[in-house]
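Student: Have a look at this one before I ask anything.
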Amino acid sequence: MSCKININEIDPSVLSKLKSKAVLKIDNNGKPDNVILTRLINETAYIPFSMAKNFNLSIPLRNKFPAISTKFKGELRDNQMIVRREAIDILEKNHSVIISCFTGFGKTIGAINLACKLRLKTLIIVTRVVLMNQWKESILKFCESENKTIPIVEIISSNSKDEYVMCNFAIINAINIPKMEQGFLESFGTVIVDEVHLVMARKTFRSLLYVTPRYLIALSATSYRSDGLDALFPIFFGKEKIIRELNRKHVIYRVDTLFKPQVKYGINGKMDWNALLEDQASNENRNKLIVQVVKNNPERTFLILVKRIKQGEWLAKEIEKECFNRVDHLLNNLSIDDEQKEPKHVATLFGSNQKFDKNCKVLIGTSAKIGTGFDFDKLDTLLLAADVVEYYIQFIGRIMRKDDVNPIIFDLVDNNKTLQKHYSERLKVYKKHGGIVKNYKL
């Protein structure tokens, strides 16, 4: 999100100060790095949104943008209404806001409501295909328009043509923004950045310098980064942040596996982390323990988090066989064709998979697929089959989307100092957000 200025029309002293701020020096895991913050085309410069406002550079007026005819037909909960009022107050004052509410709070529906309130054509920026589809479904569910000639929402690809300008909401992947015509991008008065901690990565944050809205809304349950690019948040979005942290009773069972992974070292003397994860994922006894935990809790709906597809495939096959007895078709005199049509109890979400059977009792997925842009409100149990530390609160929130469930987490702890240190980090997260830790015995 940026402001567009003609450098020849800027006071020389202001321009000099802008140039001094054009490069951000960051510490990237102990390594100094320079990040270029502006975009210059001939005499036109694009300045990060909040930085421009700090220099009193003009924000585009409302009448520059097309209005939308969309009305919100949903209903916000009381806690969402409070956040809405706070966001409107901040937007009226600063034109930008970060909404950092826990997973399952309802940031999507809240942002749609805000866009309808602001009544300007809205661009939604995401980083994953699954997020594009979820936003479109939500907009169609919660919005209606009297003008049937203009689509309520369109998904924009790099091949999209000019007719896609004629919509109330547009959804685009951040990587495609630089490929679009500038005139198209300048038609959006409101921009929503979903999962902003992902968009602010080194490869994608500069896409924000191509859009020039009046209002800017950033969404994330984890609005921070650990690679030094955390410093970009106030530069683009300002310092105003609405925070709602998860605080809900949940039970964590620590499962001591007794498994001791083989530790290998590279030529640089550092531990080979990938080799350790491979050993962890392929250990048969450890994987059988996971199957047994699922088998012992048939009333639960599991989310099993893995980092290696081969582990997920093995677990899916064994859990289907051991926990749901796939040979029961023989007892019921079902034919082979009938057995093939029978729905499976275990679904997977990894690799090229973008969808899964929502009637499943067990969902196995990689952290890349389930960390963001994932919505399955039947889940009540998380089983950590792989090591996870960063943005862990995102995963906990996946099993707390419904108020009428008692969330349970099974955290597998292996015999390794590094893995145990990571468990200690997760333990802090559990206790901070209402967790009660117990030991689990098979």
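Just so it is clear, glycine is given a Cβ too, placed from its N, Cα and C backbone atoms.
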Student: When you get a sec, could you say which of 194-197, 286-289, 326-329 is annotated motif 'DEAH box' by Swiss-Prot?
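Tutor: In Swiss-Prot, the motif 'DEAH box' feature sits at 194-197.
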Student: Report, as numbers and ranges, which residues of the same chain sit near the motif 'DEAH box' (194-197): CB under 8 Å and 6 or more residues beyond its ends.
Tutor: 98, 108, 111, 124-128, 131, 135, 218-220, 222-225, 233, 237, 372-373, 391
Student: If I take every residue in the domain 'Helicase ATP-binding' (88-241) and average their pLDDT values, what number comes out?
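Tutor: Averaging the confidence scores along the domain 'Helicase ATP-binding' (88-241) gives 91.
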Student: What three-state class does DSSP give Thr108 (ATP binding site)?
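Tutor: Looking at the DSSP assignment, Thr108 (ATP binding site) belongs to a helix.
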Student: Most Cβ neighbours within 10 Å: which of the binding-site residues Thr103, Thr108 is it?
Tutor: Thr103
Student: Enumerate the residues of the same chain, Cys101, Phe102, Thr103, Gly104, Phe105, Gly106, Lys107, Thr108 excluded, that satisfy the criterion Cβ within 8 A of the mean position of the Cβ atoms of the recorded ATP site; list them in sequence order.
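Tutor: The answer, listed by sequence position, is Gly110, Ala221, Arg244, Gly397.
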Student: Can you tell me how many other Cβ atoms are located within 10 Å of the Cβ belonging to Gly104 (ATP binding site)?
Tutor: 19
